[in-house]
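Asks: Let me give you the structure first, and then I'll get to my questions.
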Amino acid sequence: QCLSQLVAFVPPGDGRQGEAGTAVVAVDTQHPLTLLLNSSVGDKELCKLQYHFGEFGNYSLVVRTQSTSTQAVSCDLVINEDPINSYLPILFAFLVYTGILAVLIAGHLVMKIDPIRNWVYKKLDPRETDRLINSELGSPKPSESLSSDSTLHLWSTTSRQRLRSLDTFRGLSLIIMVFVNYGGGKYWFFKHESWNGKKSVSSISHLSCRFVFIMGTSISLSLSSMLKWGSSKRKVLGKILWRSFLLILLGIIVVNPNYCLGPLSWDNLRILGVLQRLGLTYLVVASLELLFTRAGAESGILETPCPALQDILPYWPQWIFILLLEVIWLCLTFLLPVPGCPRGYLGPGGIGDFGNYPNCTGGAAGYIDRLLLGENHIYQHPSSSVIYQTTMPYDPEGLLGTINSILMAFLGLQAGKIILFYKDQHRQIMSRFVIWSTVMGIISAILTKCSKEEGFIPINKNLWSISYVTTMSCFAFILLLLIYYLVDVKRLWSGAPFFYPGMNSILVYIGHKVLENYFPFKWKMQDSQSHAEHLAQNLTATSLWVVISYLLYRKKIFWKI
């Protein structure tokens, strides 16, 4: 439903010399395009053609007059030069990383062979190895062995208390987000949708959504742990307020880069951002959980009318609060009058919707941000500006969308309660994850009418619509289920390498934003149009953060807020 844009004017040809009029234009290859050829006299439509052009292809649209009396014309698309296969760099990168993974797995298996392991240890530290392995005099004494065993038991017990699957889930989301933020090899399917809809690839790369979900899960586990260790609610509330303040402050610093440009002007300071939304969401959900948590609920001491809902019914005040927030979101989104825009408008504005509402980007969500924060203090280059040519600033981390991010974190909180209520009951935990995923999927199907861009409330990341939250929650429950099963239940996977950035998520996120334009995370390329060069640079930068987080993990350095 985009308003057609003029791309070229074809001058008339020289009929006496048989020369045709020509015009050369570059066209987009991300989406199928509709080409319209109109007559310069009367603006009559001569022909209409829809085609999905390929990257670096060369095409000709040949227009011939069929009849001078009826002025009928024919339009034929000719491929002069075939487009390139832009997916080969992805295949090559996949093979390289698969090879590295195979080498690491082979090395791990070889190290399980005693003679080889002893030889390697001897080469690395021959004196210590000889003392502990080869020398009878150097064998550990029974007391030393007992002490060592107890230490090992204590370490293993402590490590098991922390679910590696949560850090793995967080790290996986974070690393994919870092790759996408660095450019994703300049592939269109690694970018977020310009407005409505959801790509199959971007469904796993929405960090802000995945991160909010797993943050809610962590809130449930961490608050439960602090209260069990005797911390007062007042002290815990102080920690919640302090952490929220730090997240918001760090977010404002990160989204306003001003390196080597002189003093930053307060007139165009961006107020909102990813970390700011995380801070506000954390403040609400953690306070809600702290306020209504009930002693004995998680241990099953409290009796509930329906045992199957024992992880829900004791927290009914929380559910009422969340439902009230959603009612507020619905009322503001669909009932708030927005000057110059239809009530309940959810479109991108610009040339979208046939250009009828050019200044209505985001509807009520955009209007509230502009009204409360001012146009100069919100994001100036939204993703809708490229395709829909919008001119209005719009912040995808806006105030109205924060209501639904609270819902997303609350659903993650529910996942954490399931883990607490059914501790070590793996079948119960996984079955409930499946049930929640199914419920969220059904709600999404109803809201979107099973369509990608239509429905009562379309899937929209920019608006953080309810359907977007339920859809992402559906995937989040399934992804958490798979990682939990592989990492914590069957222990078939240690979570590496994603476990390491998951343990230092704040440092990796802030670091990748602050250092994104510095070597070795970025360098000047020979061909800025090359997918291969962009992909190599983006994968190198992303891999460096995995290595950095691994080294920090080995040194036991963790940045916690």
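Note: Cβ is positioned from N, Cα and C throughout, glycine not excepted.
Residues or ranges marked as transmembrane segment in TrEMBL: 87-110, 169-190, 210-228, 240-259, 319-338, 399-422, 429-447, 467-486, 498-515, 535-553. TrEMBL lists 162-286 with the feature domain 'Heparan-alpha-glucosaminide N-acetyltransferase catalytic'.
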Asks: Which numbers of helix, strand and coil residues does DSSP report for the domain 'Heparan-alpha-glucosaminide N-acetyltransferase catalytic' (162-286)?
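Replies: Its residues fall into 87 helix, 1 strand, 37 coil.
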Asks: At an 8 Å Cβ cut-off, counting only pairs 6 or more apart in sequence, do the transmembrane segment (535-553) and the transmembrane segment (467-486) clear the bar of 3 or more pairs?
Replies: no
Asks: How about long-range neighbours of the transmembrane segment (498-515): same chain, 6 or more residues beyond its ends, C-beta under 8 Å?
Replies: 164, 166-172, 174-175, 177-178, 181-182, 211, 250, 254, 257, 274-275, 521, 541, 545-546, 548-550, 552-553, 557-561
